[in-house]
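Participant: Feature list, courtesy of TrEMBL:
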- 52-244: domain 'ABC transmembrane type-1' (DOMAIN)
- 58-78: transmembrane segment (TRANSMEM)
- 90-111: transmembrane segment (TRANSMEM)
- 118-137: transmembrane segment (TRANSMEM)
- 168-188: transmembrane segment (TRANSMEM)
- 222-243: transmembrane segment (TRANSMEM)
Amino acid sequence: MTLLKTEHIIIKNTIKHSKHIGIIGNRIKGGENYSLDIDFILEISSLYLEAGKFTLKLAFIGIILSLLIGIFCSLVNYYKVKFLKKIVNWYIELSRNTPLLIQLFFLYYGLPKVGIKLGAFTCAVIGLAFLGGSYMAEAFRGGLEAVSKAQIEAGLSLGLTKAQVTRYIIFPQALAVSIPSIGANAIFIIKETSIVSAISLKDLMFVTKDIIGIYYKTNEALLMLVVAYLIILLPLSLLLTYVERRLRYAGFGN
């Protein structure tokens, strides 16, 4: 009787297990419609709001530093400063040909090996600025080269110094011409912030992975992630398109 009961239990559990596998298979094949948990989405919206604020803060600092680095590097190359030009070119090649993830790992995990310890946020800012600066440098370089030599010569013939020519003639026009590329690079930097979750910073991607790992609500978490990035990037993209059109109508960027 004991053996019969044991066999009966095994067969019963096997049937249940088979039914469970069948249900999962139907869901995978689309046999059973999956509905989003709206209540759960509303509950986690505050987490995404905080993560969005952090992402914007990080991106803003990274973009500003990238602009400063880009302007400096482009001016060094434009005026062919001998002792700095090679360093700038090496930096641009290194930055553009190494992934941000590797740069972050080097800063966060590598530098402590030689006694240099930086916080995760500091590492993220340095990484974004290091990567973005090289792209901004190329954007400004194109703008500087777009300024005609005739205008520069005219400024010098009027008695302006090189610094004054750069400030009043070259830089304003170069900046106007470079705005579309600068905008594209700014969007690129914002999207690259999704990598900083690798060093435990609580950005949008970190929150998404955390929610999926704890609650297994993959669809809801990914939907909120997409919506959050759209809210950040879409208005910026539309604004940059508007500015680009206005500059084109004003005679820049032709």
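Cβ atoms are placed via backbone N, Cα and C, with glycine included.
Curation does not apply to TrEMBL; its annotations are automatic.
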Participant: Any contact between the transmembrane segment (118-137) and the transmembrane segment (222-243), i.e. 3 or more CB pairs below 8 Å with pairs at least 6 residues apart?
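Facilitator: No, the transmembrane segment (118-137) and the transmembrane segment (222-243) are not in contact.
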Participant: How about long-range neighbours of the transmembrane segment (58-78): same chain, 6 or more residues beyond its ends, C-beta under 8 Å?
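Facilitator: Same-chain contacts beyond the ends: 84-85, 88-89, 91-92, 121, 124-125, 128-141, 143-145, 166, 182, 185-186, 189-190, 193, 196, 201, 203.
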